[in-house]
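Quick notes on the structure that follows.
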Amino acid sequence: MVILVVNCGSSSIKYQLFNMTDESVLAKGLVERIGLEGAQLTHQPAGKEKVVLTADIKNHSIGIKMVLEALTHAEHGVLKSMQEINAIGHRVVHGAEKFADSVLITPQVMDALEECIDLAPLHNPPNILGINACAELMPKTPQVGVFDTAFHQTMPKYSFLYGLPYEAYEKYGVRRYGFHGTSHRYVSQRAGELMDEHITNLRIITCHLGNGASIAAVKHGKSVDTSMGFTPLEGLVMGTRCGEIDPAIITYLMKKEGLTPDQIDTYLNKKSGVLGLSGISSDFRDIEEAANEGNERAQLALDVFAYKVRKYIGGYVAAMGGVDAIVFTAGLGENSVSMRDKICQGLEFLGTRIDPVKNNVRGKATEISVDGAKVKIFVIPTNEELVIARDTEQICANLV
Ligand code: ADP
């Protein structure tokens, strides 16, 4: 099967075209600045030159049309016609409690997605636009939704409820949902494969450390806790997001600074995290460089980040009654040798330690703990697109 994987953001569309016979990527690319000046499509066909096309890309429909044209183009295309695409898989951010698994898109599913907009007002609308655009252009091609929240639907109630009046959950769905589920699911399964052990026998802590960052406790293949909550703002200190704070700080700062709800939202989501702490950048490469040059606040931002990750790891060991493996993934987790080392300092009591030679690795699935460690530590590059393609293939196998 040939499967197109689509990830629509508010002004972008990321895509990958898979040949599922060998799970190879035939082409991938990115539409950027939709609805803005300087919009463009960057298309990378496998084994051919990258092409960049600038155009007036007013909306997601036009963006998807350009993607399909690029995929079937006489020179830089990889397909003869769009009929060769057997199915389309979409990343959808929020499935609330309605979706615990990936689903075939139907009119009923679209209605349910509309109902989820309230919980993810920034993320779900572009996902819906992408699905509608594909349905318009390829009405006969089945589409599948794969949710960031779905993997965490196995969390027990005592783990996902906040200490708020129960009505907040019943009336408004206020609870922990968790995000990055597709990534936590993929890397925990890969860890099981690398350990040559069935996932149902393992307790794994997966650390997805990118611009957005979250940790999950995966017990016997199921997510039992995760650090992001009702929204992706909770948990770790992130690039620009504050992570967990005392909720009283919010009203305190609103009063002191005279901030509106929208302004405090921007403050916590865009101006905080390691950017706010360091005053330098949200990008860990810039912060690590500044810290190496002696900048104290940059060093402090790294210290706060690493400490918080270590605290979550400790908490999840307790939540699962032990741990067999710790996995690092996403931009920072896959690439930052020094951050992995810093996080794991002090975890010796668990019976594990990083091997500095093995840890000198970037973007490659490998074990980095010392030989014979009781708890294995891994670097595993995430591949959310492949999971979306696999789910789509499985769901559509009998339809096409
Ligand atoms: P997202 O998908 O959440 O935007 P990514 O998973 O792509 O984020 O991760 C981006 C983050 O990874 C950036 O903050 C960047 O600093 C960090 N990163 C990427 N490569 C490195 C590296 N070599 N060293 C340190 N940090 C890195």
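Using N, Cα and C of the backbone, Cβ positions are placed for all residues, glycine too.
Database features (TrEMBL):
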- N7, E384: Mg(2+) binding site (BINDING)
- K14, H208, L209, G210, N211, G212, D283, F284, R285, G331, L332, G333, E334, N335: ATP binding site (BINDING)
- R91: substrate binding site (BINDING)
- D148: active site, proton donor/acceptor (ACT_SITE)
- H180: site 'Transition state stabilizer' (SITE)
- R241: site 'Transition state stabilizer' (SITE)
Distance check against D148 (active site, proton donor/acceptor) for the recorded positions N7, H180, D283, keeping those with Cα within 10 Å: H180
Same chain, 6+ residues apart, C-beta under 8 Å of the C-beta of the residue listed as 'substrate binding site', given in sequence order: V5, V6, N7, C8, N127, V146, D148, T182, E384, I388
Entry from the recorded positions list D148, D283, E384 having the most other CB atoms no farther than 10 A: D148
Recorded positions near ligand 1 among K14, R91, D148, L209, E334, E384 (Cβ under 6 Å): none
Spatial separation of H180 (site 'Transition state stabilizer') from K14 (ATP binding site) - C-alpha basis, Å: 16
Most Cβ neighbours inside 10 Å, all chains, among the binding-site residues N7, N211: N7
Pairwise C-alpha maximum, in angstrom, for the residues (K14, H208, L209, G210, N211, G212, D283, F284, R285, G331, L332, G333, E334, N335) that bind ATP according to the record: 24
Which of H180, R285, all recorded positions, has a Cβ with the fewest other Cβ atoms inside 10 Å: R285
Under 8 Å by Cβ from L332 (ATP binding site), same chain, sequence gap 6 or more: L209, G210, A213, F284, M339
